[in-house]
Structures are given as structure tokens and as C-alpha cells.
Amino acid sequence: MKGVIQLEDGQFFEGEASGEWTSAIEGEVVFYTGMTGYQEVLTDPSYRGQIVVFTYPLIGNYGVSGESSESGEPQVKGAIMWQCSDDDNHYLADQSLAAYMEEQNIPYLTKVDTRELTKAIRTKGTCRASIANEKTAPVPVEAAGQVYEVSQKEKQVYGEGDTHLVLIDFGWKQSILDELLAGGAKVTTLPFRDIADIYDIHPDGIVLSNGPGDPKDVTGYLPQIKEVLDTYPAFGICYGHQVISLAYGADTKKLPFGHRGANHPVKDKKTNYVFITSQNHNYVVTSESLTDTPLEARMIHVNDGSVEGVVHKSKPIFSAQFHPEANPGPQDAAWMIEEFFALVEKKGVTTYA
Ligand SMILES: NC(=O)CC[C@H](N)C(=O)O
């Protein structure tokens, strides 16, 4: 059956639809360049409500496994691929990607020229798009507040380690929790709306999670978040990094088409090392806005010079715009999580060098 994705500016790309739809599926369209990691992308709460274009032509070649989801449900609104595999030959696979997409009711198009579509997004910038059986113009509204949908309602405790960390929930990924548990922590996940409860928990440190949409959606909570940051050692990942920066008075802006993939080079200004990172973000902290804050840019994206991580000049607080927990992607930045543990456990901060 025919399927069409149309962008806000009227450009459209035809392919095959995974179903017959009574109305168009709409969302912000973004592209992901990794060859692997499709299951993590589809289930990462940071992708909430987005339509993801996979630029690598064959998606799904190692199937879908119960172990690899980043949350309990698919988070994307839809997906665009050249080819979606109906094979699942990997020994850990439970089902093929095509079967998973159908079972989970994720609308998708195949046989779309994803390279051409990606070039259109790069030229026009991130925008809304619609997927339908016939050409349909998307309604040009800006979706907002997805972070309120994905941050869980109740706090929850995981693990029994001696180091107690609170994971501030803006829509945390399973692999961030897994890394903290693997490091030997007991982890309490706490919805950002309940951040004031942290003083009853008395953690050794806090991790601010990833999350969907614009970090300014949580502007009303920034004064409370700053007080908490002033009190506990903190590490921010992606959305968490943006929130730390906003809380200390820096600003964020939307990139023209974001960074999403598994091969983004980042330079650490402290050591001059460049490492390859997994990324998934639309927004960045603007470097000029850091000038009058107690933060400084430590990590820089090698391709476009944007801020990829900050460090507080006098407090034990640092952050990454990328994903040190990887999943999908390379684990070159895993040292940052070790560094955070060292900071919290006061063993003296190490570096990966
Ligand atoms: N992965 C994330 O946490 C994404 C952060 C934010 N939603 C952005 O797009 O920039």
C-alpha cells in the first residue's frame, strides 16, 4: 500500500505504508544515522512523539530482543526506513523488527529514499511532518511538554549498593539506570516534579536524566533544581545537562537539525582527547550564555563547535550533552560515569587518559 511523508514546506517522499490509516500521523521529523540501535531509538523516551528517519538502508538485521528496550513501550510516533527486516537471526532476538513494529502498532514507511529525505531535513531544518497513505500536509503546531508525559508518577528504588544516587526523572533510559546499578549504586528514581522530596532521601549524589523536547519546558522548576544542585554532587546527561545549564543561568537554543547517531566526535578541553559518542538531541547550551555563569564548557562537538558538556567551577557538578551510557553506540565516554562515582565516593577524580 502506498505511503507518503510530507514536510511542512510541502516536500514529500513516497514509499510503502505499513498499514491503512484513517488519519495522518504527525510529529517532528528527525534523522538517526547509526547503523544499529534501532530498538533503543524506538523505545528511548527522549524520542517521544517524533518521527524518526533511519538513514542506514537496512534496519532490523539483528531483530528485536526483550533485553534491549530503553523503556516499557515504543516512544516514537512513526519511522521511515528504506528496508525493514523481517528476519531475526541473532541468537538473542525474540522477533523480527517488522513483527515488532506490527505488534506495537508503530506506523512506518519503507522504500523511501531516506538519503534524499535527510538532505531535505538538513536544508529546511527540523520540522513537522505527516505520514499518511495519501499526500497530507502536517498541521504546523509546535508539540510541547512531552517531558510531563514520560516522567513517571512515583519514585522507585532499585538495587542495594552502598552509594545512594537519585536519578532525577525527565524520562530516563533503562541503560542509564543499568550503568548506575552496575557501578554499585542503590538508585532512587524521582520525578522532577517531586524534586523537593530529595532532602528526605539524603542521597550521596544525583544524576539528571535524558528527556524529550525543549528543556525550557521545565523552567518553572529551575529555582528548586538549582537549590538541589547547590547541595549534592551532580552529573547531567543530555536533557539533564541542559537543565543544569539553565538552572545556573545559561541559555539553550534549537539546532537546525540536531545530532542523532553513534559517531559524533567530542573533544575534552581538559585533556585534549577526542572520543566518539552516541548522541540524540535537538537543543544545545549556547557557549556565549555560559560567560556570566559559574559553569564552563569542557566538551565541544568537533563538527560544529557546539557545547557538549559543562563543569561547575567550584562545585562537584559536570555534564554531557551526549550519552556516556551509550546504547546505542560506542562506550568511549563510559569513563564519565566512573568519574562521577569517584567524585561521589570521594576517591579523587580520575580521567580516562
Ligand atoms: N536525549 C536527550 O535527553 C534529548 C534532550 C532534548 N530533548 C533535546 O532534544 O535536545
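Quick reminder: no glycine exception, Cβ is built from N, Cα and C everywhere.
As recorded in TrEMBL:
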ACT_SITE  Cys238  active site, nucleophile
ACT_SITE  His323  active site
ACT_SITE  Glu325  active site
BINDING   Ser46, Gly211, Gly213, Gln242, Asn280, Tyr283  L-glutamine binding site
DOMAIN    1-132  domain 'Carbamoyl-phosphate synthase small subunit N-terminal'
REGION    1-164  region 'CPSase'
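Tyr283 (L-glutamine binding site) falls within a strand segment according to DSSP. Cβ-based neighbour count (10 Å, all protein chains) for Ser46 (L-glutamine binding site) stands at 29. When the recorded positions Gly211, Cys238, Asn280, His323 are checked against ligand 1, Gly211, Cys238, Asn280 have a Cβ within less than 6 Å of one of its atoms. Report note: the L-glutamine site is defined by Ser46, Gly211, Gly213, Gln242, Asn280, Tyr283, and the residues of the same chain whose CB lies within 8 Å of the CB centroid of those residues, excluding them, are Phe170, Asn210, Pro212, Asp214, Pro215, Cys238, Tyr239, His281, Asn282.
A simple way to gauge crowding: the CB of Tyr283 (L-glutamine binding site) has 19 other CB atoms within 10 angstroms, across all the protein chains here. Under a cutoff of 8 A between CB atoms, and with a sequence separation of 6+ in the same chain, the neighbours of Gln242 (L-glutamine binding site) are Pro215, Gly236, Thr252, Tyr283, Val284, Val285, Gln321. Of all the active-site residues in the list Cys238, His323, Glu325, the shortest Cα-Cα distance to Ser46 (L-glutamine binding site) is found for Cys238. Listed in sequence order, the active-site residues from Cys238, His323, Glu325 having a Cα within 10 Å of the Cα of Gly213 (L-glutamine binding site) amount to none. Cα to Cα, Glu325 (active site) and Gly211 (L-glutamine binding site) are separated by 14 Å. Helix, strand and coil counts from DSSP across the domain 'Carbamoyl-phosphate synthase small subunit N-terminal' (1-132) read 27 helix, 43 strand, 62 coil. When Cβ atoms from all protein chains are considered, those within 10 Å of Gly211 (L-glutamine binding site) total 29, not counting its own. Separation of the C-alpha atoms of His323 (active site) and Cys238 (active site, nucleophile): 7 Å, rounded to the nearest whole number.
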